[in-house]
Amino acid sequence: MTVLKMTDLDLKGKRVLIREDLNVPVKDGQVQSDARIKAALPTLKLALEKGAAVMVCSHLGRPTEGEFSAENSLKPVAEYLSKALGREVPLLADYLDGVEVKAGDLVLFENVRFNKGEKKNADELAQKYAALCDVFVMDAFGTAHRAEGSTHGVARFAKVAAAGPLLAAELDALGKALDNPARPMAAIVAGSKVSTKLDVLNSLAGICDQLIVGGGIANTFLAAAGHKVGKSLYEADLVETAKAIAAKVKVPLPVDVVVAKEFAESAVATVKAIAEVADDDMILDIGPQTAAQFAELLKTSKTILWNGPVGVFEFDQFGEGTRTLANAIADSAAFSIAGGGDTLAAIDKYGIAERISYISTGGGAFLEFVEGKVLPAVEILEQRAKG
């Protein structure tokens with residue numbers, strides 16, 4: 001994958017527009033989770049160190065396009081950046097017809113989704129973005145799967161279009177895990193439905209040596225193997241699909257599970273052998289014996305890809321399976337990459353972020369890359385690099 005990299009460019013005195021993913025949860029005007037902003041900071045600092053006039057843009061939430069809405073304003077992000085960078089970061093609402101930014105200064109543009117034509121990737125808007133800068137830097141892996149004005153269109157028209165350090169690191173890490181992984185490779189794919197992760201499962205079945213499934217996905221695989229899953233969430237219409245995937249790759253199944261009679265924070269958890277699951281049981285986690293077996297598998301792996309908690313870890317009594325596997329990944333010498341919102345929440349909960357080789361900032365983009373799909377915002381950077 002050949003793209004121009006911001007790190008290789010001379011940016012002194014250049015006007016540089018950086019597309020970041022600053023789409024963070026905001027409540028009462030305060031940033032609730034700053035992971036994405038923190039991930040972007042090294043890129044912004046580097047651009048300033050290189051002597052650029054820095055303009056930063058992002059979306060936040062899903063406002064009605066073309067209309068300002070206070071709840072989707074990037075004002076709380078501008079305030080956060082001001083503190084983090086130790087300098088005033090002005091938030092500019094009116095920027096499409098040109099702005100004055102001096103070398104060594106940094107400004108944040110208001111939510112790109114307030115601009116008509118952003119989501120449709122309209123040429124007219126993309127050309128306006130491109131006219132603002134000498135260099136466009138795409139650094140938002142989390143939105144790379146969307147061809148929009150500020151992720152794709154601007155890269156078509158800008159004088160120079162490059163990948164930022166964060167995007168480049170994502171592509172390198174995913175390439176290392178998927179293109180030529182050190183073996184054996186294990187993948188953990190968990191979630192409520194096989195249908196939403198079918199392409200991921202099929203893609204990984206052709207790459208990895210062990211495919212560990214969890215959540216509702218595991219229940220469908222259990223049903224496919226002839227086990228009773230009680231009133232657990234599973235997809236009867238995808239049992240044959242699960243059988244076909246299990247014929248292509250080793251899918252170790254739980255030998256014991258944690259069940260409850262209801263899905264609730266106060267639900268009583270009971271450990272049962274898989275053969276003992278009753279008709280009114282809901283499987284909400286893998287059992288301790290299964291967790292130990294899966295942890296052993298992970299210990300011998302050289303590459304681990306993790307997407308999704310294996311149980312309802314938000315409720316502590318159904319979180320032991322996820323905690324055990326999270327710690328096994330953290331303790332492993334393997335190259336480990338983790339992605340997806342729930343996965344990041346589990347990593348936070350169990351305090352293992354420092355011990356995962358690479359944590360992807362992208363949710364949908366992470367999954368689409370794993371599926372083998374082309375990410376439009378990356379593809380255009382490759383095309384521009386060819387000249």
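Residue 1 is the first one shown; counting continues down the chain.
Cβ coordinates are placed from backbone N, Cα and C, and glycine is handled just like the others.
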Which of these, R15, R87, R146, does Swiss-Prot say binds substrate at the same site as D21, L22, N23, R36, H59, L60, G61, R62, R113? R146
To which of E314, E320, E354 does Swiss-Prot also attribute binding of ATP at the site defined by K197, G340, G341, D342, T343? E314
When a 10 Å sphere is centred on the Cβ of E314 (ATP binding site), how many other Cβ atoms does it contain? 14
Which of G61, G340, G341, all binding-site residues, has a Cβ with the fewest other Cβ atoms inside 10 Å: G341
For D21 (substrate binding site), which residues in the same chain are close in space, meaning a Cβ under 8 Å from its Cβ, but six or more apart along the sequence? R36, A40, S58, D139, A140, F141, G142, T143, T361, G362
Would you mind checking how many other C-beta atoms are within 10 angstroms of the C-beta on K197 (ATP binding site)? 25
What is the nearest of the binding-site residues K197, E314, G340, D342, T343 to R113 (substrate binding site), using the Cα of each? G340
Report the member of H59, R113 (the binding-site residues) whose C-beta atom has the most other C-beta atoms within 10 angstroms. H59
If you tally other C-beta atoms within 10 angstroms for each of the binding-site residues N23, T343, the top scorer is T343
